[in-house]
DNA sequence: AAAAAAG
């Protein structure tokens with residue numbers, strides 16, 4: 001039954017030293033944090049107002065000070081306290097825990113659990129690391145921990161290391177090489193890295209490892225309130241599901257429990273999952289607020305906060321909700337918890353908002369603006385609104401003829417509106433193209449069904465709104481069509497990033513017409529930076545729009561890199577900063593210097609972002 | 001102006 005790796009896990013656990021700070025909570029990595037000059041104070045037993053004077057039926061919050069070390073097992077396993085380190089919480093602690101061995105952890109890897117995974121990369125799941133060689137990286141902040149070249153340089157723990165091998169991750173991607181040591185050192189992080197470059201693992205590994213190593217005050221058993229140690233927020237339900245699935249793989253047989261909560265799905269199963277115990281809660285904001293209001297979740301024990309697609313989470317629609325969760329509930333304040341923000345794009349005014357959540361953080365930028373741009377061939381075609389459908393049909397026909405090995409390549413078609421998505425899906429279907437759609441007016445069941453049909457290739461065309469623009473990892477998307485271009489270049493970056501993932505190549509085609517002229521300049525610049533062929537007519541549009549002040553100046557940082565730390569930008573450190581960002585007043589003030597190839601002071605800094 | 005996220 002037990003395989004060799006499990007045995008070595010035991011040995012590791014037995015050999016591991018036990019360090020327990022008797023305040024109930026051990027800082028994530030006190031030593032490293034101290035080295036970094038950022039040691040975190042022990043949390044006091046603060047009880048937030050809304051949790052005081054609760055009816056006696058509910059169990060009081062976990063005793064932060066009085067919990068004897070011997071009771072510090074995360075699962076409350078009587079007498080089963082782990083020696084203080086890796087792996088021990090896996091199978092043996094579980095039997096003493098509150099699930100008493102009733103449940104077996106579902107193997108997220110399929111049947112080959114007990115087989116030592118092959119080290120040969122399989123064609124479909126391996127990451128093409130050659131595509132990540134020689135990528136520009138920039139970090140800023142105090143005492144930045146050095147990058148690593150191999151997972152083995154970091155002590156992530158045997159159980160997690162095995163899962164990493166099972167995932168066939170042979171070596172860390174660039175963002176992982178930098179972000180993981182930073183996070184392991186206990187530092188807050190704002191990370192900007194290309195789409196498809198492995199951000200999920202970059203924040204999951206340190207969280208899982210930290211929870212495995214940490215000794216936390218026992219959380220009450222039998223309470224209807226769940227006390228996650230880590231919270232991961234994302235902007236869409238499907239993305240939360242995906243992160244949950246990934247995190248489950250990474251935490252398989254580590255004893256670390258991952259639960260997902262999102263809207264549109266029955267809440268009862270989610271409540272049951274929470275009651276069984278949760279270390280890492282992955283959630284969308286709305287459902288989390290619901291759970292917090294019902295007092296079914298408390299953020300009191302949260303040691304790690306991760307925001308995926310962080311710029312999206314802090315834009316106008318989301319910001320109040322996120323602020324409420326992070327600042328107005330019972331989550332430990334910044335500097336006490338560890339906070340990690342990730343995205344492929346990070347506009348400076350959003351960085352300024354985000355800095356409220358961070359303490360002495362490190363800014364990390366990996367790779368060029370947004371996408372794995374060299375891997376994605378970007379085309380822009382001038383297509384009038386009335387011609388879009390027939391033009392799309394031409395593309396799909398051509399693709400069908402190129403059809404690789406019987407199965408049609410997956411094509412993701414982005415449109416601007418939910419109605420437009422329905423209409424286009426219907427039109428494609430009646431014209432003999434197997435299409436489905438995903439957007440916010442469809443039921444969650446329909447959304448998930450559509451995604452499955454698409455992923456499986458059963459319906460190789462998916463029409464989508466921006467709900468599918470960010471984060472979704474759909475292997476084998478060969479072509480992204482921007483049937484309607486977005487108004488924001490960052491959205492474009494995220495959309496085309498649905499292809500060209502994990503080092504594979506992809507194609508992105510955009511339909512451009514007069515309605516998109518406000519995007520022309522940013523689009524032309526992005527394409528130029530990505531070594532793409534910019535049509536002459538697009539350059540003319542770009543030059544034209546740079547005069548009339550058309551369009552927002554919303555570059556995510558410009559230059560050849562994924563972003564620039566706004567703290568380096570003096571205009572953002574004066575008088576509240578970003579007011580000038582939209583170019584309302586002085587046209588140059590949001591950026592470091594001028595130098596745009598399109599002149600006019602518009603887009604200043606695009607070519608000089610790294611001076 | 002639109003999309004997303006609670007029901």
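We count from 1, first residue shown onward.
Placement of Cβ uses the backbone N, Cα and C atoms for every residue, glycine included.
Per TrEMBL, the listed range annotated as region 'Disordered' is A:592-611 (candidates: A:512-531, A:592-611). Per TrEMBL, the listed range annotated as motif 'Q motif' is A:149-177 (candidates: A:120-148, A:149-177). Averaged over the motif 'Q motif' (A:149-177), the predicted model has a pLDDT of 94. Taking DSSP states H, G and I as helix and E and B as strand, the domain 'DEAD-box RNA helicase Q' (A:149-177) has 16 helix, 0 strand, 13 coil.
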